[in-house]
Amino acid sequence: MPGLDLKFLEKPRRRLYCPLCDKPMRDPVQVSTCGHRFCDTCLQEYLSEGVFKCPEDHLPLDYAKIFPDVELEQQILSLPIRCIHSEEGCRWTAQNKLLQAHLSMCEFNVVSCPNRCPVKLLRRELPEHLQHDCAKRKLHCDHCGDQFSGEAYESHQDDCPEESVYCENKCGARMVRRHLAQHSVSECPKRKLPCRYCKKEFLYDTIQPHQQQCPRFPVQCPNRCGTPGITRETLMGHVKEGCNTAMVICPFKEAGCKHRCPKTGVAQHLEEGTNTHLTLLCGLVNRQRLELRELRRGVEELSGSRDGTLLWKLTDYSQRLQEAKIRTSGSLELFSPAFYSHTYGYRLQVSAFPNGNGSGEGSHLSVYIRVLPGEYDGLLEWPFPYRVSFSLLDQSDPALTKPQHITEAFNPDPTWKNFQRPRPGALGSVRGGCLDESMLGFGYPKFVPHEEMKKRNYIRDNAIFIKASIDVVKKILNS
């Protein structure tokens, strides 16, 4: 974690700032060979890139020459600060080292309900919550005398067997709720009974007239075909399609067969027309295959962004990481949807190795970008010239803490083969995964260490977000 984001009463002296994050140092360490000081986390992140030199004077650096600077840490902890909730109204000020003790009693700090209900609120609002709002507070029922939690009491109020209630059928009778069911079934003068055919409910004195027009009432076919189970609502459909006397269209009508015959003759038609129907089906399948291919291509083009930004969500992250770790042949590479650098621009794709690739295999998340064949390649400048940025997004709640995204960026090397114009057709469909598995994109094999990803909320709900941005410099194009 980088330096301190606290509200100091006076701006700390410059020597207390970390040269890497430009904030007052958190857990300061000193390089004994040169005397320079840094945040412990900032220096570790710097050294994780494989550059073992002091960030200030670039002299060779040895892990054994780095030690905690206790004296400097005590100076920083002694600096006077305001409460982190000062903007909400807290007026506490004291030394930095007393902040955590203060937060344990600060009226403006967010706390959990002691009754273990899911609510989080300001400590000053807790008494009101415990008395009136908590779903797990204890209450007594006025009717049966039983004790319930607040949440259960709200449900019990509409279900207490000893509460006096009126008949739901509005017959005017009043009784305790435990007698209501028996009354509704056998005593209520306005009770409802289900029709034996359609199962709909009717008042007792109206059910007989209903059966004279009930759509589920059984009737006979007017053609006297003898088919059982015909109801008033299905009679018309039976006469048109179910009755043996009805004319029907061949089941292969969607394929192009226009034959009509009595229902009893359908089996003979199907037997005699097998070859014809097979030919018609083959033609239909071919037409549909072409339509699907065009639709799929259109969907892929429409689904990709055209503003130079890709926001890629990788779900089921823990399962994918585990799959990558146990993989025996090659590293597991995941592929984003294709996107464009800008309207009428370069077509691009991002790939990620959950368990790392190359020098980052087994310890890092690796990310790469590659240029794909696009619709407008003939109008564009080559090699691909624009700056590319990768970010692993911090999913922390901005209302509770400032998100700390991890970002890396590079300018394309014009000699690198990935940034030359791709050959049309050389790379396949993005739906199939890797567009050319023999060619790795350009990026970072050590983008983010696995241990770093476990901090904060880079992984949340078993998913991560990777953002790729293309910094497009607008130019005037001569037509």
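Note: Cβ is positioned from N, Cα and C throughout, glycine not excepted.
Looking up the ranges 47-100, 101-154, 425-478 in TrEMBL, the one annotated as zinc finger turns out to be 101-154.
Feature zinc finger, per TrEMBL, maps to range 155-208 of the set 155-208, 317-370. Packing against the domain 'RING-type' (18-58) from elsewhere in the chain are residues 1-6, 8, 12, 65-69, 72-73, 76, 79, 359, 446, 449, 452: each is 6 or more residues past its ends and has a CB under 8 Å from a CB in it.
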